[in-house]
Each structure stands twice: as C-alpha cells, then as structure tokens.
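Features reported for this protein in TrEMBL:
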DOMAIN    19-74  domain 'DUF5698'
DOMAIN    108-160  domain 'DUF2179'
TRANSMEM  6-24  transmembrane segment
TRANSMEM  31-52  transmembrane segment
TRANSMEM  58-77  transmembrane segment
Amino acid sequence: MGQILLILVLQLVYVPVLTLRTIMLVKGKTMIAGLFGTLETLIYIFALGIVFQDLTTLGMIVYAVGFGLGILVGGYVERKLAIGYNMIQVHTQEFPAELIQKMRDSGYGVTHYQGQGRDGIRYRLDVLAARTRMKDLRQMVEEYEPKAFLVAFDPIDFKGGYMMKGLRRPK
C-alpha cells in the first residue's frame, strides 16, 4: 500500500512540474524550463519504475488517477503564480473618462480609441497588466463600467510604452 501512495504523491508532484516546465518554455524562460524538465524526468522515471516493478491493475489506475489529479493541481499552481501579462481590451458604449482616470491613477497605461459599432459609436481601452493584477483591474472595470465588454489575451512580446508602473502590484 505504501508504494501505491508513493505513486499517487509522485504523480501529484510530477504533473505540476510538467505544467510549470511548459509555461516557462512558452514564456521564453528556457533555463528554468530545462531545470523543471530535468526534475520532471527524474520523477517520471522513478514513478514509472515503481509501477513496472509490480504491474497491478491498482498501481496502473493510481498512476492514471494521479496524473489527472496532478493536472488539477498544476492548473491551480499556474493560476496562483499568474506568470506573465495580459492585454485587456475594454469596450464601452459611453466614453469612460472616470475609468480611464482611475486606471491611470492606479499606475496602468491606458490607450483609448473611438470606433463605429453596429449600433453607433463605441470606445475601446487597451491596457497591459501583469496577470497578478487582473482581478483588481476587472473589479475596477466592473465598478465604473458594469456593462463593459472585456477581452483579455496573452501578448507574445512588447517593447516601450508606459507600462512598467502598471505591470507591478501597487505597494
């Protein structure tokens, strides 16, 4: 029974490490990704070795269930770390002057545009923010523009502009 529990624990560590390795690779942090990859492989070989030592149905099921649960743990860890940035577009029907000022006072760089929608003039705000600040930004938009339409996506690269202050969590 001890080996079965060990298989589960190893999978609960292995899959989040795999998740972090993938994130680091996508974010361009190849050195850290390499370290995670090494750790990931060691855990993988060790856990699989335990399963192959005693091929039981229970061992294989626990290995698979541990992998599935590890994905949940990895997703949780990824959300908590919130590595990287989001580009947020806020679409409104009225010009959101108060929201723009509040965002700027909070350290965000905001660029606004006026465009033509199906039913008339619309306004779009572009805001780059650290993922750790997304919750604060959403609450701000909800407070000032509850009917706003938000779109967030991950930028691949960026350079210049007024962003460094808004990318960090306020002290």
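Every residue, even glycine, has its Cβ placed from backbone N, Cα and C.
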Beyond the flanks of the transmembrane segment (31-52) by 6 or more, those residues with Cβ under 8 Å of it: 3, 6-7, 10-11, 13-14, 17-18, 20-22, 24-25, 59-60, 63
Same-chain residues at least 6 beyond the ends of the transmembrane segment (6-24) whose Cβ lies under 8 Å from its Cβ atoms: 30, 32-33, 36-37, 39-40, 43-44, 46-47, 50-51, 59, 62-63, 65-67, 69-71, 73-75, 77-78, 81, 83
DSSP helix/strand/coil residue counts for the domain 'DUF2179' (108-160): 14 helix, 24 strand, 15 coil
